[in-house]
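Annotated features, as they stand in Swiss-Prot:
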- 1-13: compositional bias 'Polar residues' (COMPBIAS)
- 25-39: compositional bias 'Low complexity' (COMPBIAS)
- 79-227: domain 'UBC core' (DOMAIN)
- 1-45: region 'Disordered' (REGION)
- 262-297: region 'Disordered' (REGION)
Amino acid sequence: MNLNPFWSMSTNTGRKRSDGEEQSGEQQQQQRASPARPSFGKKQLPSIPKNALPITKPASPAATAQLANGTHASYGPFYLEYSLLAEFTLVIKQKLPGIYVQPSYKSALMWFGVIFIRHGLYQDGVFKFTVYIPDNYPDGECPRVVFDIPVFHPLVDPVSGELDVRRAFTKWRRNHNHIWQVLMYARTVFYKINTMEPLNPEAAVLYDKDVQLFKSKVVDSVKLCNSHLFDQPKMDDPYAISFSSWNPAIHDDAKERMFTHKRRPEDHHKGLQVSGLSWVKPGSTQPFSKDDNPPQN
């Protein structure tokens, strides 16, 4: 039986001899020649179970740990990165109106965003925010949304600026809930006011009992947020969202291209073919207008 060196100590060094037992001269000579061993008294090592593995150092819990979703811990960082990449792809595909979001350069668990409110009580409001994603996503709690400047709103904490997201996502369910839904909820709260269990009781009371004063407070809040729109980002991150004043030398040309952009003729013909209208003459919507006989050279 091969044993780990940790277990290779002989169990006979402490064996109790009979009173009349004497060692031979040869054994005494061997003992003098060999280095002295530490005395273990009369104690013996416990017997080794048949299938036991030697323990040479404390076992690391992370070595055998598994994530809640069954993924081995060693794959955790890669699984998290893939999940966040998939979530950001979903955000792009949803084309959320009035919302722009950008992951942080330093951490994929932090996203910078801005919401543009185009009508309603918060019209013309431009609210910058940060999304904080749990490090065990998607098996943890709901991502948090914190506004850079606290907005006067029943569901926004007047001190920290955090939006009450958990009322909409009481329990985060992986593969069912997505970050784009959190972003959409952050936009919806400015169009549909909910005063139940508010984080800002003052805003809730004014909305229910004195809507005119509530509107006045909202206007002041919007002006405050917009007045800090061109401030430098609070975080030192190259991907943090920042605004700059209109610069005609830079922005006029980009604006002109946006308004005068036209599809190229080849793109137009390609679109007709892809749509299955091969029997329609390019530039026409009349059925069967395409000439079946190609021109002869």
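Even glycines carry a Cβ here, placed using N, Cα and C.
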- Query: Where DSSP helix means H, G or I and strand means E or B, what are the helix, strand and coil counts for the domain 'UBC core' (79-227)?
  - Reply: 52 helix, 26 strand, 71 coil
- Per-residue pLDDT averaged over the domain 'UBC core' (79-227) comes to what? 94
